[in-house]
């Protein structure tokens, strides 16, 4: 039981730990100032809690979320939703972001001022060329590098956090800025979307089930209890790690006015804190660790996204998909880290409410029969609110914004939550009910 639990823990840890996500807690810590705790609370809830819950619920159906969504909503919606999701965790956001994170955290701090663009182009050209070659010929070497290097890197981050807390813990935080001054919890909750982990959980739940079945659980009870216990422990571990990084950002004396134009705040905190605590030469080591761990993620995402699109639309070969996604990732990466994060926000603020609502529906439907029209209506309303919120803000449509902001929990960036809960309650009453099929365990 302990061995299976340890292996399950390593699986979950490997799925959720990525160097690309480490830039967000330090930035939150610095910008939230005296509103640190509600901000990090929102971040942990969306970036860790919902992500782990999404994966756990997904492992209860070997056919994955595509089967659940097809039966509960509609097959066409499942395809559209998953295409959008894979584009988000693939070539549009995650793939280019891992490359620019490696550059911003590891390489850029060692470069002379004013040379950012040309060095980013050269770095990403080499980075994506190697990632493409690996994606065309996936091997176990890549998995082995990630399996051993990721825990080492995580341990070093923990050491950085502990030493940083001891050295800078008494330093007063800067004042809260931007949205953290107005609604710290809501701003932190939205920042947690940037981890992309809940979306990744939807995509990779089938892979997780396949891997877990290879561990040889005796029965369904042992399987489910192990998943829940280990999932909670992994969530606690990530929560501590993210809180520690955010605490470091909250107290590390980084002067924003001295940052180069276009520099990412989170990346600057990580590199500056590393040099301040371990010395200037530590930046070289940090560059190697971040680049290699980000690289394994990039290559893996090209493979998984290419395989999904080839399986869904088989008329185009995997090689063509891999080529397209590599080129798109390379082009977007050269926009820079801040630009990628900025333009990804609207898409994530649409995908995340839909994803969380799907998870709630699937979870409730395991215990209670729900009306299919009711579930369809719930998803439609949440999608409408998410689009209205984004379009109202982007195009300054005051009337629409006022309607969205009038909804409960809008100030916490959750205007869709109460309508989603009401929709699920209505699904208990409306006709044409169905219940999720019992999970069939193969010992």
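Each residue, glycine too, has its Cβ placed from N, Cα and C.
Within the listed segments 249-266, 375-392, TrEMBL records transmembrane segment for the stretch 375-392. Counted over residue pairs separated by six or more positions, the transmembrane segment (198-215) shares at least 3 Cβ pairs under 8 angstroms with the transmembrane segment (73-96), which defines the two as touching. By the Cβ criterion (under 8 Å, sequence separation of 6 or more), the transmembrane segment (412-430) is in contact with the transmembrane segment (350-368), since 3+ such pairs are found. Counted as Cβ pairs under 8 Å, contacts with the transmembrane segment (116-136) are highest for 321-344 among 148-166, 227-248, 284-309, 321-344, 375-392.
With pairs at least 6 apart in sequence, the transmembrane segment (73-96) and the transmembrane segment (375-392) have 3 or more Cβ pairs within the 8 Å limit; the two touch. Using a Cβ-Cβ cut-off under 8 Å and counting only residues 6 or more beyond its ends in the same chain, the transmembrane segment (350-368) has close neighbours at 46, 50, 53-54, 57, 60-61, 65, 68-69, 72-73, 81, 84-85, 88, 193, 198-199, 202, 375, 378-379, 382-383, 385-387, 390, 416, 420-421, 423-424, 427-428, 434-436.
Panel annotation: around the transmembrane segment (321-344), residues 23, 88, 90-93, 95-97, 99-101, 103-104, 116-117, 120-121, 124-125, 128, 131-132, 135-136, 194, 262, 264, 267, 298, 302-303, 305-306, 309-310 of the same chain, lying at least six beyond its termini, place a Cβ under 8 Å from a Cβ of the stretch. Ranking 7-24, 148-166, 227-248 by CB pairs under 8 A with the transmembrane segment (36-61) puts 227-248 at the top.
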